[in-house]
Amino acid sequence: MEKLSMVTSLLCAITVAVLAVAVVSGEAAVVEHTFVVHEMNATHLCNTTKIYVVNGQFPGPTVDVMEGDTVVVHVINKLPFGLTIHWHGVRQMRSCWADGAGFVTECPIPPGNEHTYRFNVTGQVGTLWWHAHVTCLRATINGAFIVRPRDGKYPFPTPAKDVPIIIGEWWELDLIELDRRMMDGNFDDNPLSATINGKLGDLSNCSRMVEESFILDVKHGESYLLRVINTALFSEYYFRVAGHTFTVVGADGNYLTPFKTDMVTVAPGEAIDVIMVADAPPAHYHMIALANQPPEPDPQIPVFTSRGLVRYAGATANNNGLPVPMPIMPNQHNTMPSYYFHANLTGLAHPERHRVPMHVDERLFVTLGLGSICRGQNTTCKRRRSPETIVVATMNNVSFAHPKTTALLERYYDGTSKGVYTEDFPIRPPRPFNYTNRDLIPPGPLEEALEPTFKATKLKRFKYNTSVEIIFQSTTLMQSDSNPMHLHGYDVFLLAQGLGNFNAKRDVRKFNYHNPQLRNTVQVPRGGWAAIRFVTDNPGMWYLHCHFEFHIIMGMATAFIVEDGPTPETSLPPPPPEFKRCGNNGLSQP
C-alpha cells in the first residue's frame, strides 16, 4: 500500500471513515463504506508519479459482504474531473441506476461532489471487483468485491484464509494523459511493470534500489483461497507459484467444477478463485505474474512481470541458504496456455443452478475487428494510408461513439433518446468473409476492402425474457489480440470456445448445455470464437464492451436495452432519491 503524504494523511484522518456495518448472524445486513477519491504521489523506479486512489490505497479497499446483503457506498470525489465507480460483475437486479458505467447508466460524479451507490447482492457467491469506469482511472482506482455464502458453506473444504491477488500495472505516464493520447489515436504507450497487490516486485529496480514484493505468509498443511483478479488495462496474465499447484473452484462470482492446474490465466476483467495448499517443504517460493504477448512477428510490447513471495512459517530468513525456487513460466509469446486453461473450465452443476435456455429467440453474430475513420469533419481521407485517418475498434463494422454529456439510461427512461442513440446495432457483419485470414492483418488491400467503418451510438433493444445467443468472432483485423468481452448486469452461459472461424454445422455440437461456465467476462480467443447464451431478465441499459482499455476507447462497445417485464417486479424502478441526473451538473471531464 502506498504511503500518503503528511497533508493527505491528516486530511484522511479527519474526513475519511470506512464503515462496515454487518450483522454476525444469518440475517442480511447493510454493509456501508465511504470512498474518498483523490490524487496522491507515489515513488517507484526512481520517479515520483501522481496517481489516483481511493482512501489512500492502491489497490483500494475490499468490499466484503455475504450473499443477500445490501451494499451502500458513499463516493466523495476530490479529483479535478468526474468519475464513476462500477461494481464489476454485480448483477444489479432492477438496480441498473447503481451500475456505475460512465455516460451509460449515469453521468460522472462532478469534482467536489458526492454520490451514493445502493444495491443488493443476491444469487452470487465468489469474487467480483470494483473499479473506476471513466478514462483509464481503473488502473489505480480498483479493489476486490468479495461475496461470501450466507450459510458459510463452500462446495470445497473451507480454506484457512482467503487472499485477494490483484494483478495490475504500474504506469509512470499520468493516466489522464494516457487517455488523451489514446483518444488521439496514439497506442504506443506501455506500463513500466506489472504489479501484485500494488507491489512491483524485486525484479524491478533502478540505481540498485529494489522494489518491494508482495509476500503471502502461509502455514504448512493449510489451504488458501486465492482470489486472482486482473485489473490491468492492457494485458492478460499468467500466474504461477513455484512448487505449488492450484485447484480452480470459481470465476466471476460463480462456482466451477474443481480443475487442477499449476498455472492460472486471467484476462482483464476476470476474477478466478483457486485453492492453493501449502504442502511444499517449509521455505520461501517465488510467485510470478507474467503478461503474455502476441506471437512474433505481430506487434510486440515490453514484457511486464511482477515477482512476489510465498513465505512459510518457520522458514529461515535466508531460506536455509538455498536459492528461492522460481516458477517456470511459458514463453510470453505463447497464447495457447490461455486458450486451454479457459476451455477446460466448466460450471459446478447443482440443483439450484439456472438451466441453459435451449430455445433461442434472437441470434447475434458479432465480429470483433479494426477499421478507420476520418478525423474531424473530413470525409474524403483515404482510410489507413492518410494522416487524416484514425484507427478504431469495431463490432460488426460499427465503432461505438460514447456519449460525452448525457447518460444513455436516463435518456431511455425519460423517452428523450432522439438524436442521442439509435437502436439499429447490426446483428451480423455487413458481409461474411474469412475472419481469420492472416492476409487481413492491417494495413493492406484486403483489409481496406472491408471498409467502410461507421462511428455511431448504435444500441440493441430486447424484450423482457428473451433468450439470446451471441457468437463473438475474433478477426485477424485485430492483429494479435484476444478480447475479454464484459456484459454488465448479467451472467452468461459460456457454451463453447474455439479457434478459427465459427462454423455452425461443425461447432454447435461442441456446445456444453449440461454444465457450462457462468461468466460476466468471456475471453474470445485470439483468432477464434466464443458462444454465449442468456435470458434478458434484468431490465435496464447494459453496457457490453471489451475489457482491454484501448479497445474500449477505440470503440469496441455497445449497450443492450432490456425492456420492462409485465409486472412491477419485472420492471426497472424509477431512479433512487440519491441519484443525480445529468442536466447542468458542472460536469468536468479530463
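Note that Cβ sites are derived from N, Cα and C of the backbone, with glycine treated the same way.
Residues or ranges marked as signal peptide by Swiss-Prot: 1-28.
Here Swiss-Prot flags 36-152 as domain 'Plastocyanin-like 1'. Counting residues per DSSP class in helix, strand and coil order gives 6 helix, 59 strand, 52 coil for the domain 'Plastocyanin-like 1' (36-152).
Residue environment of Asn41 (N-linked glycosylation site) contains 13 other Cβ atoms, counted within 10 Å of its Cβ in all protein chains. Under the heading N-linked glycosylation site, Swiss-Prot lists Asn41 (among others), citing sequence analysis as support.
The Cβ of Asn47 (N-linked glycosylation site) lies under 8 Å from the Cβ of Glu172, each of these being in the same chain and 6 or more residues away along the sequence. Taken from Swiss-Prot, the feature N-linked glycosylation site applies to Asn47 (among others), supported by sequence analysis.
According to Swiss-Prot, the feature Cu cation 1 binding site maps to His86, His486, an assignment based on similarity to another entry.
Feature annotation from Swiss-Prot assigns Cu cation 2 binding site to His88, His131, His547. Taking Cβ-Cβ distances under 8 Å and a sequence separation of 6 or more, the neighbours of His547 (Cu cation 2 binding site) in its chain are Ala267, Pro268, Gly269, Pro484, Met485, His486, Thr521.
Per Swiss-Prot, the feature N-linked glycosylation site maps to Asn120 (among others); the stated evidence is sequence analysis. In the shown protein chains, 20 other C-beta atoms lie within 10 A of the C-beta of Asn120 (N-linked glycosylation site).
The domain 'Plastocyanin-like 2' annotation in Swiss-Prot covers 161-315.
Long-range C-beta contacts of Asn205 (N-linked glycosylation site), restricted to its own chain and to partners at least six residues apart, with a cutoff below 8 Å, comprise Leu45, Glu211. The N-linked glycosylation site feature in Swiss-Prot is assigned to Asn205 (among others); the stated evidence is sequence analysis.
For Asn344 (among others), the entry in Swiss-Prot reads N-linked glycosylation site, with the evidence type sequence analysis. Here the Cβ of Asn344 (N-linked glycosylation site) has 13 other Cβ atoms within 10 Å, regardless of which shown protein chain they belong to.
Under the heading N-linked glycosylation site, Swiss-Prot lists Asn378 (among others), citing sequence analysis as support.
Classification of Asn397 (N-linked glycosylation site) by DSSP places it in coil, neither helical nor stranded. Marked as N-linked glycosylation site by Swiss-Prot on the basis of sequence analysis: Asn397 (among others).
Taken from Swiss-Prot, the feature N-linked glycosylation site covers Asn434 (among others), and the record attributes it to sequence analysis. For Asn434 (N-linked glycosylation site), the same-chain residues that are 6 or more apart in sequence and have a Cβ closer than 8 Å to its Cβ are Leu440, Asn501. Reduced to three states, the DSSP call for Asn434 (N-linked glycosylation site) is coil.
Annotation source Swiss-Prot lists N-linked glycosylation site at Asn465 (among others). According to DSSP, Asn465 (N-linked glycosylation site) is assigned to coil rather than to any helix or strand. Taking a C-beta cut-off of under 8 angstroms and a sequence separation of 6 or more, Asn465 (N-linked glycosylation site) has the following same-chain neighbours: Val535, Thr536, Asp537, Gly565, Thr570.
Positions annotated as region 'Disordered' by Swiss-Prot: 565-590.
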Residues that sit under 8 angstroms from His86 (Cu cation 1 binding site) by C-beta distance, when 6+ apart in the chain: Asp99, Gly100, Ala101, Trp130, His131, Ala132, His133, His488
Candidate recorded positions His88, Asn120, Asn344, pick with smallest Cα gap to Asn41 (N-linked glycosylation site): His88
Intrachain C-beta neighbours of His88 (Cu cation 2 binding site), sequence separation six or more, cut-off 8 angstroms: Leu128, Trp129, Trp130, His131, Phe145, Gly269, His486, Asn520
Predicted model, mean pLDDT over the domain 'Plastocyanin-like 1' (36-152): 96
Non-site residues, in chain order, whose CB comes within 8 A of the mean position of the CB atoms of His88, His131, His547 at Cu cation 2: His86, Trp129, Trp130, His133, Arg138, Asn142, Thr231, Pro268, Gly269, His486, Thr521
In three-state DSSP terms, the structure that Asn344 (N-linked glycosylation site) belongs to: coil
DSSP state at His547 (Cu cation 2 binding site), helix/strand/coil: coil
